[in-house]
Amino acid sequence: MGKVLAAALVGIAAALAAERLLAFRNRLNATREVDPVALPNCYLIKGIETGSEDIDILPNGLAFISSGLKYPGLKSFAPDKPGEIFLMDLNEKKPKASELRISRGFDVGSFNPHGISTYIDKDDTVYLFVVNHPHQKSTVELFKFMEDDNSLVHLKTIRHDLLTSVNDVVAVGPDSFYATNDHYFYDFILMFLEMYLGLTWSNVVYYSPKEVKEVAAGFYSANGINISPDKKYIYIADILDHNVHVMEKHADWNLTHVKTLQLDTLADNLSVDPDTGDIWTGCHPNGMKLFYDDPDNPPASEVLRIQNILAEQPTVTRVYAENGSVLQGTSVATVYDGKLLIGTVFHRALYCEL
């Protein structure tokens, strides 16, 4: 009887493990291959070789690009090199990327930038919020952009017990923001178990100097976050659930769910066209390939444009897609005046004219 019970328990455990493995592979779109969609007027941006994980463009056409992310389980082409913030002026005929100098007093050696967001104050001061992972921790660094000498002045480092595994931020004030925690754990082994078991413990946090609170929860992995042009709605990409959530923002900064748009790909960062309200997102057609270091089968790239997301049937257009021969692991796409920038987690960046 004891042997029968033991065999039954082993069988149940094996069945559960197999079911979790299948669900894990489905969340990563492990079998999907991408059909190419080409854009004719594109070139790789010189100088960006180790990632362009997030991009934010000011209304005047200046684009900030975070580069050099080292993230648990993912490839890095320069694991010992500190991260950087690049600047591009999209008003130029052939825009180039240049590294922004960071003021003294900031630990550049441990700089590991992830998601970014800009905020323009009433006096036209430009603030840059940068998710940072020094020594595999999570902070949000607040900088002031000095356009006259293309530099960043570090103002402060923001830490909090609710900011545990920050992926992206969207600024809503000169020192306040919404942030996504893409996992409950930050330790790589526990993070992997969280993903494998399909735990929905990821969340969104509102931060200000006066108040810090959880405002949304129940995500597999809350990733990119952004705000509508009218400031009424917050958009959140759940990368492992293949969808984008629309949340209504209230006067007390709480969020309530409005709708969810389901996709067939892993949407990473979200960018919003301030003129049209369209959402642009860099996506991973097959997330499993991100974790493999296979030069013969690299992670592919995909860019989606979402129009009228509040409508009953939004329009979703695949603007760009390719198998990784040009760009590996697209994480962001954003537009300005007919120009498209496409960034990646750890690879190159692409400039296109639409």
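Just so you know, glycine gets a Cβ as well, placed from its N, Cα and C.
What Swiss-Prot annotates here:
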type	residues	note
CARBOHYD	Asn29	N-linked glycosylation site
DISULFID	Cys42-Cys352	disulfide bond
BINDING	Glu53, Asn167, Asn223, Asp268, Asn269	Ca(2+) 1 binding site
BINDING	Asp54, Ile116, Asp168	Ca(2+) 2 binding site
ACT_SITE	His114	active site, proton acceptor
CARBOHYD	Asn254	N-linked glycosylation site
CARBOHYD	Asn269	N-linked glycosylation site
CARBOHYD	Asn323	N-linked glycosylation site
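Feature map: annotations from Swiss-Prot on the structure.
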residue	record	Cβ contacts under 8 Å, 6 or more apart
Asn29	N-linked glycosylation site	His242, Asp264, Thr265, Leu266, His284, Pro285, Asn286, Gly287, Met288
Cys42	disulfide bond	Leu350, Tyr351, Cys352, Glu353
His114	active site, proton acceptor	Glu53, Asp54, Ser66, Leu69, Tyr71, Val130, Val131, Asn132, His133, Val166, Asn167, Asp168
Ile116	Ca(2+) 2 binding site	Asp54, Ile55, Asp56, Phe64, Ser66, Ile85, Leu128, Phe129, Val130, Val131, Val169
Asn254	N-linked glycosylation site	Tyr206, Val215
Asn269	Ca(2+) 1 binding site	Glu53, Asp54, Ile55, Gly115, Asp168, Asn223, Gly224, Ala237, Thr281, Gly282, Ser331, Val332, Gly343
Asn323	N-linked glycosylation site	Glu33, Val34, Pro36, Pro298, Ala300
8 Å Cβ shell about Glu53, Asn167, Asn223, Asp268, Asn269 centroid, Ca(2+) 1 site members excluded: Asp54, His114, Gly115, Asp168, Asp182, Gly224, Ala237, Ile239, Gly282, Ser331, Val332, Val345
Same-chain residues at least 6 apart in sequence whose Cβ lies under 8 Å from Asp268 (Ca(2+) 1 binding site): Asn223, Gly224, Ala237, Ile239, Thr281, Gly282, Cys283, His284, Thr330, Ser331, Val332, Val345
Additional residues around Ca(2+) 2, ordered along the sequence, whose Cβ is within 8 Å of the centroid of Asp54, Ile116, Asp168: Glu53, Ile55, Asp56, Ser66, His114, Gly115, Ser117, Val130, Val131, Val169, Gly224, Asn269, Val332
Other CB atoms, at most 10 A from the CB of Asn167 (Ca(2+) 1 binding site): 27
